[in-house]
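Contents: one structure, followed by commentary.
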Amino acid sequence: VSYGNGSIFVAPTCPSQSLGTSCNISSNLCTMTQPCLNSATCHTNASALLGYICACVTGYSGTNCEYDVPSCSHCLNGGKCNSTANETTCTCPTGKLGGHCQYEVDICANITCQNYGVCSSSYGNWSCECINPDFYSGTYCQIKSSSLRVKEIVSRSFACVAIGCISTVIGFVILMDVLKYGFHINPSEHDLESWKAKKNYHRRKEERHRADERQKKYNQSKQPILAIRFSYIDAAT
């Protein structure tokens, strides 16, 4: 526009939200600055601090959606995901630990099951599994059934009897050796001599019997052979 000897610039009157000499530039703050990142959608908002609000897509956060939020799907075994602007953490349930709640706490490390019971853990709880529920029971398999106690008493009784018998035999053998070699007394010598005498008597008796049998057979073989002749007389003559 000419004014006097010079010219001045007069901006054109553009429609709403347009500016520029040709009114081809949007005055929308989101269009002009494009502040939202990572495919976020910008919405102008006069009441907002910056005059706009970014609607972030899944996986991003921040004023301009500039922060990458890790997925919470990596928490295992019922772990709870806690997300912040910069990181995510897993809050593990009882009995689980690790960055992803992937490890199980060994609760049985300090548990001692009695009578060969086996400790097992599940979801933070533990229990003792008894090898034979008919014989053992209780939290630590420490209670024995009445039938098992009776069997143990009987077994111990038999064991005591067996040990007593073995001890008696060993003591008798030792006593005999002490009498024989220490005092030159052999309590079994008389019985041994008596047994030998009886054995010799029966042996001699058997020999005499066999000798008599042989003599008898010999005498029978020396007897003369008798021949008997019969003459028949005819009654008619």
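The backbone N, Cα and C atoms fix where each Cβ goes, glycine too.
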Answer for the disulfide partner of Cys101 (TrEMBL, candidates Cys92, Cys113) is Cys92
In chain order, residues whose C-beta lies under 8 angstroms from the C-beta of Cys65 (disulfide bond), counting only those at least six residues away in the same chain, are Cys36, Leu37, Asn38, Ala40, Cys54, Cys56, Val57
